[in-house]
Amino acid sequence: MIVEALLIGAFVGIVVGSLGAGGGILSVPILVYILGQDPHQATGLSLIIVGLTATVSLATRARSGNVAWREGALFALAGLVGTWAGSALGPLVSARALMLSFCALLGAVAVFMVRSQMRPSASSSSDEAGGAADVQGSWTLATVCRVVALATLTGFLTGFFGVGGGFAIVPALHLALRYPMKRASATSLLVMVITAAFGLASRTAAGTLTITAEAGVMVALFAAASMGGGIVGARLTKRVSNRALGLVFATLLVCVAASTLVATLA
């Protein structure tokens, strides 16, 4: 179990560090079906893992100047209401319904990832350059409304499923604020840190988060390996194209969704 937690944690960290997304999507089914955690407990433990991994990855990505600190903080704060609502509703749903909903979410995100990565983009050159320049559009009323709506949705997903929300935050920043993908993924890490911390605090205050001694050790190992992988993943963004990373991630989502669905229905 120790070896599995370390290896899988490192892999999850690489995904989070490189894409600014995917930590919760991967860690929840891993915690449930490989490491033997209860689905409701797994969503809470996932917030710990995702939050720590995103923090380490953020520190690495910040050196490139790609993190939009002001906009990221505003996006996260706008999503806190959704995070609170998701954290309150998640424990009320049956474990089976929770995992089936999770599978549906994975499938939807996979389809979006494939479509977005296959679509020609006029900003691809700026994406590969890292998007260090400030390219976001003006903050019109329509833009603010889109940001608030998207932030609330991602916050709800963070609280309900115990995921960092990066898989929704990245495209939201890319489409609503017109950030290059690398800037969006770096800023997503900041949002993940804030929303994961709030989601964890909400569950703790509500008394729905319980961590046994065995689970604590396992999560500590998982998180430590994931943080190390996050540093590696953050550095990989300089060598791998956004399109390649996106397509690999979409393929991974399909595999996780299929295996999770089979395990849930078995």
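Cβ from N, Cα, C; glycine included.
Record features, source TrEMBL:
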TRANSMEM  6-35  transmembrane segment
TRANSMEM  42-60  transmembrane segment
TRANSMEM  72-90  transmembrane segment
TRANSMEM  97-114  transmembrane segment
TRANSMEM  156-177  transmembrane segment
TRANSMEM  189-211  transmembrane segment
TRANSMEM  217-237  transmembrane segment
TRANSMEM  244-265  transmembrane segment
> With pairs 6 or more apart in sequence, are the transmembrane segment (6-35) and the transmembrane segment (72-90) linked by at least 3 Cβ pairs under 8 Å?
Replying inline: no
> Would you call the transmembrane segment (42-60) and the transmembrane segment (156-177) in contact, using three or more Cβ pairs under 8 Å, pairs 6 or more apart in sequence?
Replying inline: yes
> At an 8 Å Cβ cut-off, counting only pairs 6 or more apart in sequence, do the transmembrane segment (189-211) and the transmembrane segment (244-265) clear the bar of 3 or more pairs?
Replying inline: no
> So which residues does the transmembrane segment (156-177) touch in its own chain, when a touch means Cβ under 8 Å and the partner is 6 or more beyond its ends?
Replying inline: 16, 19-25, 28, 42-47, 50-51, 54, 68, 71, 75, 79, 82-90, 98, 101-102, 105, 109, 112-113, 116, 136-137, 143, 146-147, 150, 183-185, 187-189, 191-192, 195-196, 199, 202
>> Are there residues at least six beyond either end of the transmembrane segment (97-114) with Cβ under 8 Å to its Cβ atoms? List them, or say none.
In response: 25, 28-29, 32, 39-40, 43, 90, 157, 161, 167-168, 171, 246-247, 249-251, 253-254, 256-257, 260-261, 264
